[in-house]
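Positions annotated as region 'Framework-1' by Swiss-Prot: 1-23. As annotated by Swiss-Prot, disulfide bond applies to Cys23-Cys93. Residues or ranges marked as region 'Complementarity-determining-1' by Swiss-Prot: 24-39. What Swiss-Prot records for 40-54 is region 'Framework-2'. The annotation region 'Complementarity-determining-2' is assigned in Swiss-Prot to 55-61. The region 'Framework-3' annotation in Swiss-Prot covers 62-93. Taken from Swiss-Prot, the feature region 'Complementarity-determining-3' applies to 94-102. Feature annotation from Swiss-Prot assigns region 'Framework-4' to 103-112.
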Amino acid sequence: DVVMTQTPLSLPVSLGDQASISCRSSQSLVHSNGNTYLNWYLQKAGQSPKLLIYKVSNRFSGVPDRFSGSGSGTDFTLKISRVEAEDLGIYFCSQTTHVPPTFGGGTKLEIKR
């Protein structure tokens, strides 16, 4: 199975800061059809994960443009340009290029104390 490694595990930020989360896969996520099926999700407390970004850099419907995804091959990044309170939670990367689909361990975005 493809191993997805996220860093950092915890990301303390102040509101208005930029946040950056990295995701690395154990093998290339470029599909034979040329697409790269790397997705980002946000799970808020008590809720199921919600899709933010699909195929590396495409924002899902309704996702604010302060969220952006980039990367290729095995290395990917999610950036939040100005963190808002509603952005707090656990972020996951996932790949659906290979079977079975696999997820990173999560990055908790929290307020810096």
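Residue positions begin at 1 at the first shown residue.
Heads up, the Cβ atoms here are built off N, Cα and C, so glycines get one too.
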Same chain only, sequence gap of 6 or more: which residues have a CB within under 8 Å of the CB of Cys23 (disulfide bond)?
Met4, Thr5, Gln6, Leu38, Trp40, Gly71, Asp75, Phe76, Thr77, Leu78, Cys93, Gly104
Hey, which of 40-54, 55-61, 94-102 has the most Cβ-Cβ pairs under 8 Å against the region 'Framework-1' (1-23)?
94-102
Tell me the Cβ neighbour count for Cys93 (disulfide bond), meaning other Cβ atoms within 10 Å of its Cβ, over all protein chains shown.
29
Taking a Cβ cut-off under 8 Å, which residues six or more beyond the ends of the region 'Framework-2' (40-54) line up next to it in the same chain?
23, 60, 63, 67-69, 78, 87-94, 106
Taking DSSP states H, G and I as helix and E and B as strand, how many residues of the region 'Complementarity-determining-3' (94-102) are helix, strand and coil?
0 helix, 3 strand, 6 coil
Taking DSSP three-state, what's Cys23 (disulfide bond) in: helix, strand or coil?
strand
Determine how many residues of the region 'Framework-2' (40-54) DSSP places in helix, in strand and in coil.
0 helix, 9 strand, 6 coil
Quick one: DSSP breakdown of the region 'Framework-3' (62-93) into helix, strand and coil?
3 helix, 17 strand, 12 coil
